[in-house]
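Noted in Swiss-Prot for the protein shown:
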- 1-268: region 'Involved in Transcription activation' (REGION)
- 13-164: domain 'NAC' (DOMAIN)
- 113-170: DNA-binding region (DNA_BIND)
- THR142: phosphothreonine (MOD_RES)
- 351-451: region 'Turnip crinkle virus (TCV) capsid protein- (CP-) binding' (REGION)
- 431-450: transmembrane segment (TRANSMEM)
Amino acid sequence: MKEDMEVLSLASLPVGFRFSPTDEELVRYYLRLKINGHDNDVRVIREIDICKWEPWDLPDFSVVKTTDSEWLFFCPLDRKYPSGSRMNRATVAGYWKATGKDRKIKSGKTKIIGVKRTLVFYTGRAPKGTRTCWIMHEYRATEKDLDGTKSGQNPFVVCKLFKKQDIVNGAAEPEESKSCEVEPAVSSPTVVDEVEMSEVSPVFPKTEETNPCDVAESSLVIPSECRSGYSVPEVTTTGLDDIDWLSFMEFDSPKLFSPLHSQVQSELGSSFNGLQSESSELFKNHNEDYIQTQYGTNDADEYMSKFLDSFLDIPYEPEQIPYEPQNLSSCNKINDESKRGIKIRARRAQAPGCAEQFVMQGDASRRLRLQVNLNSHKSETDSTQLQFIKKEVKDTTTETMTKGCGNFTRSKSRTSFIFKKIAAMGCSYRGLFRVGVVAVVCVMSVCSLVA
């Protein structure tokens, strides 16, 4: 008796039955039969060109109607170029982009029968596409008898489409922030109801050593802004009264600062005694004529000191002279004794009203007297030079008149010598007058020679 086999629909199956083949079953059974042309045996998986449809339209073409977000399709290999190996994965709204690396599919433990590649759908165009929640696994056979080039074979791949549930309502994600892991596994978050906080122990242990200046009791409180719940302890100062502050002020010990004479002598020994004797003899001879050193004597310094003392070591004895306005003109008189040196004259007493003015003027009158004194010496020197110049001019004139024009060059040289002497003279009024007289005489002598 012939038994008829009844085909059951998926809707009539009990709950828990579903079409979910493994990776090895997809390649070893379904893909092999499809490549070899046995379409009726694998009609449970529909053939469709993935790149001609958008991913959100593909679930409606699935043969198996399921509530799971997983669908299987056969897809023919659509090469981008006839002679190339790249696949055309672009659609109207976007493109499929491979991510990660290919994973091997094994039969048993060692035999490799295929590879699995993961692709993610992006809307827009590369490289500014936006990642979506649609994921696809592409299963390809790697055995030589399934390359699709033999007679009766057609190149196919199996595509498993997923829709990730963690991206709600197709929320977009930029391509730059994509992840390499695109497995459709959905992770369930772990909810923590209660978090018990343990008591925080201090990091540094308390030290039992106390400072000698510990504080015991006081009403002094240091103000501070503490934003935490910790309150600042009160600072006490009563214990400060028990401290012997005088012990800290004994800093005059020779061990802290300079050593004592006995300490230095004990450390240095005989060398310290020799140094002390030499230093005493050095200061003992400061009143003698000179001091002998390893570099010579100080004779030159002694001579210079005596020379300066002859001018500066003059006793100053001010005279108390009553203030007389008519005697102010007498301060310009020159003392005859000043010719041998500089003598500081006594300062006359000033009137009470002129005391402030005298302080402001300082020693201006003294400087004037010194200047007059110097001019007086200069005038005497100029008189001697003037007599010599007159004699030279007279001799030159006589010689020029006697010898005539032949000796004009010689007279010219003598005249230049005369002008040099004139330039060496001082610039006093009497000297200028005498120079003018000499110049007139010279001009007259030259004119007579020219005539």
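Yeah, the Cβs are placed from backbone N, Cα and C, and that goes for glycine too.
Predicted, not measured: the structure shown is a model, and the values here were computed from it.
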Restricting to the DNA-binding region (113-170), report the mean pLDDT as a whole number.
87
Report the DSSP secondary-structure composition of the DNA-binding region (113-170) as helix, strand and coil residue counts.
6 helix, 31 strand, 21 coil
If you count Cβ atoms within 10 Å of the Cβ of the residue listed as 'phosphothreonine', leaving out that atom itself, what do you get?
14
